[in-house]
Amino acid sequence: MSENLIIFNARIVTPTGTSARKGAEMGQLRIIENGTVEVTKGIITYVGESRGEDRDGYYQHYWHYNARGHCLLPGFVDSHTHFVFGGERSEEFSWRLKGESYMSIMERGGGIASTVKATRQMNFLKLRSAAEGFLKKMSAMGVTTVEGKSGYGLDRETELLQLKIMRSLNNDEHKRIDIVSTFLGAHALPEEYKGRGDEYIDFLIREMLPVIRENELAECCDVFCEQGVFSVEQSRRLLQAAKEQGFLLKLHADEIVSFGGAELAAELGALSADHLLQASDAGIRAMADAGVVATLLPLTAFALKEPYARGREMIDAGCAVALATDLNPGSCFSGSIPLTIALACIYMKLSIEETITALTLNGAAALHRADRIGSIEVGKQGDFVILNSDNYHILPYYVGMNCVIMTIKGGMLYPVN
């Protein structure tokens, strides 16, 4: 199959632009009836109404696909996941059902520490195979770009191993998903540094960041800025050092309590602040003013039985909101794009149009990719999804059920069985 592709007879539905859409802009989509998209060598070269399938034989080396009037959307961007890990934590789910909190499970040695132990015991091939399995499931739900975090090693060897696995998968010539790697060494305090959080931050700054940067293993640096994990000052120190070394910045912020994480993201000019269940009004305003993408993770709130982030208020305050799954082995063992969409509409009060923007262009902006993915426009990558309907309103209507029938990556067609 060729990377040269013509999709015709499509109902094209897309946000537009090369930066995040904020506030009311998020609800503005371009819709083209009976549309055609041309992709040449993986890049979009035409978007518009049909102009005939052959111009002097120009299209003879193109694969033709009749969308039969179905909706054609940009490929989904899952901009916050933890898909490289060992083990599983199903027992913790039953603990939460009995009333234990996320933090209380961490305090008793479960949570992230449990996955760290399992991940440290696995080798490259086993971890890579498991991660590849998750990527295949993501592709079937229309994801064409994903962010993946380290953070289940919390030591030099295993953190680098996670990042090398993501690089290996991203360099696979048969890949269906582009991977943006994030270093999350500050995911939790490892047992060997218990009570010595400042020393662990020193270790990350002096021994991890330079090696990762030199070997181009990650573009972004993230930190779990939360009460009982890493303080605002510790987070600031790590992220400032990362920024000086050329990393883009992301934060796990204000998930458990209002802790000043959103404000810190704005202060440092982070790409995104993620979770934000407890973000303050001041933090929301600061993110809007600074252009920080608010990445919301409704599946995690659902699984933890926590209040949802205030998506509607954030958009109304002028924020750029993205949506992601937060696939991980503990608080959210799900990569369900369909359920993410439904929860965002039902509980975060986003419109269907806003969820599309949040999962495409704004997700791309949260990964510093809005200039090349996230919308169906000339010059961007030929990454799309085709739905099983001409009505994109089915996205939340299909609660937890997949309505994607075709994922297209760089002009390559991948039917969904």
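The backbone N, Cα and C atoms fix where each Cβ goes, and this holds for glycine too.
Per Swiss-Prot, the N-formimidoyl-L-glutamate site holds Asn328, Gly330; the candidate it also names there, chosen from Tyr62, Tyr65, Tyr152, is Tyr152. Checking the candidates Ser19, Ser331, Ser334 against Swiss-Prot: the one annotated together with Arg89, Tyr152, His187, Glu255 at the 4-imidazolone-5-propanoate site is Ser331. Per Swiss-Prot, the candidate among Asp172, Asp326, Asp371, Asp383 that belongs to the Zn(2+) site alongside His80, His82, His252 is Asp326. In the three-state DSSP assignment, the secondary structure recorded for Asp326 (Zn(2+) binding site) is coil.
Cα to Cα, Arg89 (4-imidazolone-5-propanoate binding site) and His252 (Zn(2+) binding site) are separated by 21 Å.
Residues within less than 8 Å, Cβ to Cβ, of Asn328 (N-formimidoyl-L-glutamate binding site) and separated from it by at least 6 positions along the same chain comprise Thr81, His82, Phe85. Non-local contacts of Gly330 (N-formimidoyl-L-glutamate binding site) by the CB criterion (under 8 A, 6+ apart in sequence, same chain) comprise Arg89, Glu92, Gly111, Ile112, Ser114, Thr115. According to DSSP, His187 (4-imidazolone-5-propanoate binding site) sits in a coil region rather than a helix or strand.
Taking a C-beta cut-off of under 8 Å and a sequence gap of six or more, Tyr152 (4-imidazolone-5-propanoate binding site) has these contacts in its own chain: His82, Val84, Phe85, Gly86, Ile112, Thr115, Val116, Thr119, Thr158, Gln162, His187.
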